[in-house]
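So the structure is just underneath, and the comments pick up after that.
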Amino acid sequence: MVYQAAIESDLHRSWLRHRSESPVVASSGQSKQQSTLTRRKSAPASAFSSASKPGATRIVYRESVYPSSGSDLKFPFWQRIRFIVVVLVMALSFFALAMVMWLALDSDYGSTPVSAASEGVQITYGSVIKLMHEKTKFRLHSHDVPYGSGSGQQSVTGFPDVDDSNSYWIVRPTLDSSAKQRDTIKSGTLIRLQHMGTRKWLHSHLHASPISGNLEVSCFGSDGESDTGDYWRLEIEGSGKTWRQDQRVRLLHVDTGGYLHSHDKKYSRIAGGQQEVCGVKEKRPDNVWLAAEGVYLPAAESK
């Protein structure tokens, strides 16, 4: 009994001690909990100052990767000067290069359209010209379309329009010739005509032409492939000795003996509206040609 009374006395004292201390603990715990909840809800300024305390809410701000103001982009004075100098040097270099190219082209080429002022311009090797059939006014033309009969090589026709890039021909010497670019061309000289667009040569052979059955005229070969089937003898009408733009000329094919010819018989399908170009054995008024539009290289100075 004495032992039980002692235990009950100790329990009673412990209960009294707990009761006297509990208001303090409850007040402190409630205050701490309310403070924490307040910080989480409204995040007052005091929360930032106490962010380092244990249990406090941490708010982290990420710095922007972009400059905050234009002043951050400013370079030192010497860097700005160097940048300006580099830009000026580049601009002057491009200008000088453009001037050199312009002078080089101007010294080699002179574009001469057909007009009264251009009469008498000499045709030289390397010139790029259009040949106009005198009677029909059609231009000698070719394109990457083969004949459906005969040789099956690239077709040659007469084209009605002036503005056509497939009617340009480069005047070249023969393979065994010692002539150079910008040399003048005398009557009776053998020449070659290279189609500028496809790089093939004006050619002829004994195949029959598609419409009239005369000698077929085609384009054949390449820059590195040419033979005597590409040779044409220049015949100048009148008293002129060298080929000029205002002179009437004939082109006689060496291998077949046919003159370059055209007439008003036209194709109806693949080359609709274009007329036949062929070779004929007779020297006739309707196989005369004139140099028309083109880029004429000036004649080289005689030494």
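Glycine is treated like the rest: Cβ placed from N, Cα and C.
According to TrEMBL, the feature region 'Disordered' maps to residues 22-51, out of the candidate ranges 22-51, 142-171, 172-201, 202-231. Helix, strand and coil counts under DSSP for the domain 'MIR' (120-174) come to 3 helix, 27 strand, 25 coil.
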